[in-house]
Amino acid sequence: MNTQILILATSAFLCVRADKICLGRHAVSNGTKVDTLTEKGIEVVNATETVEQKNIPKICSKGKQTIDLGQCGLLGTTIGPPQCDQFLEFSANLIIERREGDDICYPGKFDNEETLRQILRKSGGIKKENMGFTYTGVRTNGETSACRRSRSSFYAEMKWLLSNTDNGVFPQMTKSYKNTKREPALIIWGIHHSGSTAEQTRLYGSGNKLITVWSSKYQQSFAPNPGPRPQINGQSGRIDFYWLMLDPNDTVTFSFNGAFIAPDRASFLRGKSLGIQSDAQLDNNCEGECYHIGGTIISNLPFQNINSRAIGKCPRYVKQKSLMLATGMKNVPENSTHKQLTHHMRKKRGLFGAIAGFIENGWEGLIDGWYGYRHQNAQGEGTAADYKSTQSAINQITGKLNRLIEKTNQQFELIDNEFNEIEKQIGNVINWTRDSIIEVWSYNAEFLVAVENQHTIDLTDSEMNKLYEKVRRQLRENAEEDGNGCFEIFHQCDNDCMASIRNNTYDHKKYRKEAIQNRIQIDAVKLSSGYKDIILWFSFGASCFLFLAIAMGLAFICIKNGNMRCTICI
């Protein structure tokens, strides 16, 4: 009877399951890997791509005043070759140059071409004003078959001045223009290099020719260089164009005695615009702010890996194809073993039997928040998210992407590589500088993202620790930590009690007496792992000693009774 009572009491004691509350974090089965300052490939619950790779192969022009120059080159709008007749004056905030576009008709070139192209791309369009030049003693209707309309003609905005008669004397002339506007005036003139000395004499008379141009900030003299050259558009001569920006109230003066291509109208810039050289099709159904030769980049990301020469409000170009920005906490998913044994463990060890600590693992079922609680008591088991700590972490992480964009986005200008021979060294420097900037920004981008990722992971761990400390301070001596993010509570804690722990309203004094009594009972029979090891070794040693003593005793008795004989041979 006494034995039966002892067995029942022992069984009841073993079946009692202590109330417990655990803290954990949200986890997913498959997270996203990010890099930090100290480690590569850390898995996080959420991450956002920061490098745009999707290109729209069209020029998105919705909401923009767009001009497609077609066969007209941008510089041609200032001098007026036949292909640019419809673009002599225009207004636009998006200027599209095509590869087929040409700036000239009579062969030649622009001095400092790329600088002028950049000015016009940002111009917002151009308007013109007549300069008021009149001429006597010369012809002003020079024309060429290279600039054909219905017949031979010339640049619409220029005057080709010739002697009144072939081989006739070209008089010395001086013409001045004062800019009375409030904005700078673009003044363009040309120097004609004849195909031969004989041709120059026929057009402008004999003798040396000299053209001098000056203003308050500019002075330059030009001498034509007649001579044979390869024919282009049927012409062996060349016209080189020069330009200056004339400040308000400043005056430009031209002094010449032949071989001078005179300006007819001054150009004024209208405002601001973007200019891009592209053969992509225009699309009025999409909007864009960032353009490149292959189309449009539409993105809110801070970086792009599409084109290093995109212009407008563009993400920074970087060499990396992907830079993941952590927007969630470090992910430690529940392992597959736990998933397979969940039901078995719950029966055998309770809800928490297969769950590692809040630092070592996460809970995939915690979907209402980033941090939360799981508990077990006499009323059952339950899970609840902690919204305050979740919101605190979210508030600090929200805006990380926007802050990266603010640090990296800027308006870019496109500088072409189409430099003439004189400008090639400058072009090489520009290209080297661009490549160096890309290298620097690629490194900076990786560093910025790594810093933000490090901060995010440290931040989310910090919030978890704060939550853990909050629970520990409430429970005090009423519970014991198990080292896995759980607290074993030494008193009965129903659902209301568990809720008070979560809500930070737990009154430890209310349960102190019961907790102390239960702690004493448990501590009386609890053996730590260190004591268990000592007892096991002691028990093993005692067993071995006892076995050896019994064996020696049996041998001694057998020898004494003559049942065993021991012979020693030397």
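Any Cβ shown, glycine's included, is placed from N, Cα and C.
Computed from a predicted structure; not experimentally measured.
Listed features, source Swiss-Prot:
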type	residues	note
SIGNAL	1-18	signal peptide
TOPO_DOM	19-533	topological domain 'Extracellular'
CARBOHYD	N30	N-linked glycosylation site
CARBOHYD	N46	N-linked glycosylation site
DISULFID	C60-C286	disulfide bond
DISULFID	C72-C84	disulfide bond
DISULFID	C105-C147	disulfide bond
CARBOHYD	N249	N-linked glycosylation site
DISULFID	C290-C314	disulfide bond
CARBOHYD	N335	N-linked glycosylation site
CARBOHYD	N431	N-linked glycosylation site
DISULFID	C493-C497	disulfide bond
CARBOHYD	N503	N-linked glycosylation site
TRANSMEM	534-554	transmembrane segment
TOPO_DOM	555-570	topological domain 'Cytoplasmic'
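Known features from Swiss-Prot, placed on the structure.
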residue : record                      : Cβ contacts under 8 Å, 6 or more apart
N30     : N-linked glycosylation site : P333
N46     : N-linked glycosylation site : T32, A326, T327, G328
C60     : disulfide bond              : D283, C286, E287, G288, G295, T296, I298
C147    : disulfide bond              : P81, P82, C105, Y106, S153, F154, Y155
N249    : N-linked glycosylation site : K178, N179, T180
C290    : disulfide bond              : T296, I297, I298, S299, Q304, A310, I311, G312, K313, C314, P315
C493    : disulfide bond              : D19, I21, H375, N377, I501, Y511
C497    : disulfide bond              : N377, Y506, Y511
Collapsed DSSP category at C497 (disulfide bond): helix
Distance from N503 (N-linked glycosylation site) back to C72 (disulfide bond), taken between C-alpha atoms, in Å: 73
Nonlocal residues around C84 (disulfide bond), in sequence order (Cβ under 8 Å, 6 or more apart): L69, C72, G73, G76, T77, A156
Structural state of N503 (N-linked glycosylation site), classified by DSSP into three states: coil
The one of C72, C286 whose CB sees the fewest other CB atoms within 10 Å, among these disulfide-bonded residues: C286
